[in-house]
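According to TrEMBL, the protein carries these features:
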{"type": "COMPBIAS", "residues": "45-60", "note": "compositional bias 'Low complexity'"}
{"type": "COMPBIAS", "residues": "62-76", "note": "compositional bias 'Polar residues'"}
{"type": "COMPBIAS", "residues": "88-105", "note": "compositional bias 'Polar residues'"}
{"type": "COMPBIAS", "residues": "266-275", "note": "compositional bias 'Basic and acidic residues'"}
{"type": "DOMAIN", "residues": "191-339", "note": "domain 'YDG'"}
{"type": "DOMAIN", "residues": "416-477", "note": "domain 'Pre-SET'"}
{"type": "DOMAIN", "residues": "480-618", "note": "domain 'SET'"}
{"type": "REGION", "residues": "31-117", "note": "region 'Disordered'"}
{"type": "REGION", "residues": "253-275", "note": "region 'Disordered'"}
Amino acid sequence: MEGVPNPNHYDKSIVLDVKPLRSLRPVFPNGNQGPPFVGVPPFGPSSSSSTGYSPFFPFGSQPPTQDTPDLNQTQYAPPPSFVPPLQSYRSPTTTASNGPSSSTGAKRGHSPQEPTLDVQVVKRFSGVFDSGISAAEREDGNVDLVSTVLMRFDAVRRRLSQVEYAKAATAKAAGSLMSNGVRTNMKKRVGTVPGIEVGDIFFSRIEMCLVGLHMQTMAGIDYITSKAAGADEEPLATSIVSAGRYDGEAQDPESLIYSGQGGNADKNKQASDQKLERGNLALERSLRKGNGVRVIRGEEDPASKTGKIYIYDGLYTISESWVEKGKSGCNTFKYRLVRVPGQPPAFGFWKAVHKWKEGLTPRRGLILPDITSGVESKPVSLVNDFDDEKGPSYFTYISTLKHTEAFRITQQHTATGCSCRGLCAPGDLNCSCIRMNGGDLPYLNGVMLVSRRPMVYECGSTCPCNASCKNKVIQTGLKFRMEVFKTANRGWGLRSWDPIRAGSFICEYAGEVKDQETLRMDQEEDEFVFDTSRVYNSFKWNYEPALVDEDPSDELPEEFNLPAPLLISAKNFGNVARFMNHSCSPNVLWQPVICEGNGEPLSTLLSLLFVTFLQWLN
């Protein structure tokens, strides 16, 4: 492992091969990923033993877009013009009323001595984009390729949503990736898809199309002619999406009654009998052949009244079919699908969690309903359904930093806060907080981080803007219901009951701010130290400018620019972050944040990198 000084000491901030984890399944490192799990920052250790669960699982409250056109083709022409880069917010003459005047030369994302905005002419990218994915890899994928495609798609989607295409960002991001060859598993197949596991979660049908799980962005039934599988030319069903909108679709985690397609009334014609053609015919032929059909369950996004998530629930076989009269009085095809035995549960876990949240069933192994004792806005359960241990070693729960020594952030600009009334808006050069962030809001809809930055500047306590300002995120507390749980052999870990989208704020790394000299003598005994000065292996999480038709030279740097190093110990005082465990494949990143004008030291934002959910209940 790079960065390990000697066999008995590990660099406690190294992050190795970072991959997206979008799953209901457990994630463990394999034997050749590095040394055994060690409780280390920035992912928090266990007091009883080195844990190592890759934390938990993302979403946000960003609603998905409306139905999108079918993207099931090799090349998809992107719109003629993508979004302008952030430099479109630049102004060579505007002077902020409560801050330094704008001038040239400051690249967005840097922390200049005097906050400035670049006023260069907007540049466009017109070169050839190299996706790094070969033709063979586009046909047949693997776990790494699936992770990479989803990561790049979400990064581009966030960027497009940030600027001007919020409602169409999902389709436009997909168009950009497809036209540039950023996709995999394009070859349709019956059965499992390389790199996709039971329990994987998706936030749109377009995501499933990009990685080959379900190639139809609108139709609920996907199929191929069995000629492709080496038989006759009759179609075979490959996958279905159960959106829960049709009569008879059950909530049983082991079986499903699925309604056929077609025959629905619209504004131009009356409802009619469904026909035994296309997807309906493919399901009928799969019933006779007995092949497995991939089932994706569509569920309501808990963070959005209109949004949906999609859970891959594994392979099902069709046991029977029949025709019955629907509410419209027309004939409808019905198919009963039964889950293939021996697969790990996925949709079943989803339903179990909903029952816990609604209080319909008790959480097995519950020790404490709220380990925070009401300090957090949402309770954090303490659970052990593995053995008789009653909890981690004692610590005092706090939700933010505790200063035991004098500590001041040395800054070369005056943090006085903005003077906005109402909400801060991107492009408002009179807002000092917007200016410090390079002219835009760092968060998408006040929910998720768009891109990693050297520093994020939030509105603070002296800013008169509303509490609902979209530049106030880390100050509003936990957004997701979580639990601290006992693992089989890695101590105590942390996971979420809620889906969490990539870039969403999880929590601050709370603890005692320590002086490095004071801590030096006992640092080896303190496994809960977060050292912001440690250098970790870099990885790319931000969008690629060329994919949104921006000049590659304008790429936002992901390296941090801290005004002063910070040591945080969560050994005696801490929050849920102390249970985030080191992983060779982490799904959490940290982002430094300063709240302007409050005189407080650096806050550490933990933001989910990708998606994973619950990670197996024992």
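Glycine residues also receive a Cβ, built from the backbone N, Cα and C atoms like all the rest.
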Mean pLDDT over the domain 'Pre-SET' (416-477): what is the value?
-> 89
Beyond a gap of at least 6 residues from its ends, the CB atoms lying under 8 Å from the region 'Disordered' (253-275) belong to 219-221, 240, 242, 246-247, 283, 295, 313, 316, 326, 328-339, 345, 347-348, 351
According to DSSP, how is the domain 'YDG' (191-339) divided among helix, strand and coil residues?
-> 22 helix, 55 strand, 72 coil
Could you put numbers on the helix, strand and coil content of the domain 'Pre-SET' (416-477), residue by residue per DSSP?
-> 8 helix, 7 strand, 47 coil
